[in-house]
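Remarks on the structure that follows.
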């Protein structure tokens, strides 16, 4: 295979390579080899056009094979040569097969010309095709062309990412093949195009690689279902208390509150509980380590999965909190709110009250709003730092401080925000409608457990032991070393 011409620093990875010069590690320009590597493409669809554009911009000579080159030539970059398929496969050693699986058989007439070349399969099956076929597209292509080396790559990259560059899309490109040399060639080619290649092993992994684009947010399924379940529960609970109870017992029609008021009461409950569930598994994990006296035993699967979904739950918590803030701003705009203000003013006139001011309620509302703004601001900081572009710029200590320490501060602020909202309502008998406690009392259960457990682990008797365990100490642990036979001491036991 021909050597690939491109090497770039990480800061220049997203910029197209130029054909005459390369950027050295010190930023200076150095002359590239005179011979420009040639890459072939079989296909004339959207992905083939985007691939040709990226390859030309990265300094490669591109020849495109099409069944109708006259019609498709104007769709490709002017620097790319568009010709018949028979002519396109002659000189390039690396050829991208940018066509669907059912069209592979049309290339069988080129098997003699393709012998010994590297075929890069970029296709993706549909969900039905993936379930119907037992072999991957790449393995099927390899069976049709046994004299060629097939490499699976670039199937997870969209046509838009190829045109716009890896800065606007995912940089990672999974690559697999049975031939190490061919795989290395495609790895270098992907690096030259500005992407980050990931070696997935042999061609047997192609089926797994082809399944990647078929997954729709796999890490979000459980957190989204959890958030939806919490929303349905709290919405139903608030509906029974705030709408159904007044209608059945007092004859008041408050169904108009369903679109805004009940939703606005439900959203902070979901956000608050989700935020506490982000930090609860850390408490459970610490308790397990203290109980076991070691960090070298695996957590249960349910706890391990819970820990892996904390980021998604945190972002969903921030989403619900942001919606709660927007809904709260909309409350005074409702027509029902204006009618209530007029009715209250009329009642005040009829009762001959000229000045209505309750000092305790004024202070409560001021503190309540201030704590809510602080909590939302802290959640915003957590959400921003969870973005890869931001988290990659932080070292581990900075990231841990934001996500762990500031996150716990956000949970405490949210708890104080909830307590100032409830105030003394939990102790008023009139607040228990249908004998159901106020909604905010239910939301306080999990966060208070987390806060109390966190405070407990800060005590020296627990914090020191936990710190020792996380540094490798084990309860009643002993490592036995066996010395050579000629030594005076046959065995030595070291207590860690």
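In case you wondered, yes, glycine gets a Cβ from its N, Cα and C as well.
What TrEMBL says about this one:
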DOMAIN    38-125  domain 'Pyrroline-5-carboxylate reductase catalytic N-terminal'
DOMAIN    269-412  domain 'Ferric oxidoreductase'
TRANSMEM  222-240  transmembrane segment
TRANSMEM  260-288  transmembrane segment
TRANSMEM  315-334  transmembrane segment
TRANSMEM  367-387  transmembrane segment
TRANSMEM  399-420  transmembrane segment
TRANSMEM  440-462  transmembrane segment
Next on the checklist: On the 0 to 100 pLDDT scale, where does the domain 'Pyrroline-5-carboxylate reductase catalytic N-terminal' (38-125) sit on average?
Outcome noted: 94
Next on the checklist: Can you break down the domain 'Ferric oxidoreductase' (269-412) into helix, strand and coil residue counts using DSSP?
Outcome noted: 120 helix, 0 strand, 24 coil
Checklist entry - Hey, which bits of the same chain come close to the transmembrane segment (399-420), Cβ under 8 Å, at least six residues off its ends? => result 268, 271-272, 275-276, 278-279, 282, 314, 364, 367-368, 371-372, 374-375, 378-379, 381-382, 385-386, 391, 440, 443-444, 447-448, 450-451, 454
Checklist entry - What is the three-state DSSP composition of the domain 'Pyrroline-5-carboxylate reductase catalytic N-terminal' (38-125), stated as helix, strand and coil residue counts? => result 37 helix, 23 strand, 28 coil
Checklist outcome for this item: Beyond a gap of at least 6 residues from its ends, the CB atoms lying under 8 Å from the transmembrane segment (315-334) belong to 223-224, 227, 231, 260-261, 263-264, 267-268, 270-272, 274-275, 278, 372, 375-376, 379-380, 382-383, 386
Checklist outcome for this item: Beyond a gap of at least 6 residues from its ends, the CB atoms lying under 8 Å from the transmembrane segment (222-240) belong to 258, 262-263, 265-267, 269-270, 273-274, 277, 305, 309, 312-313, 316, 320, 433-434, 436, 439, 442
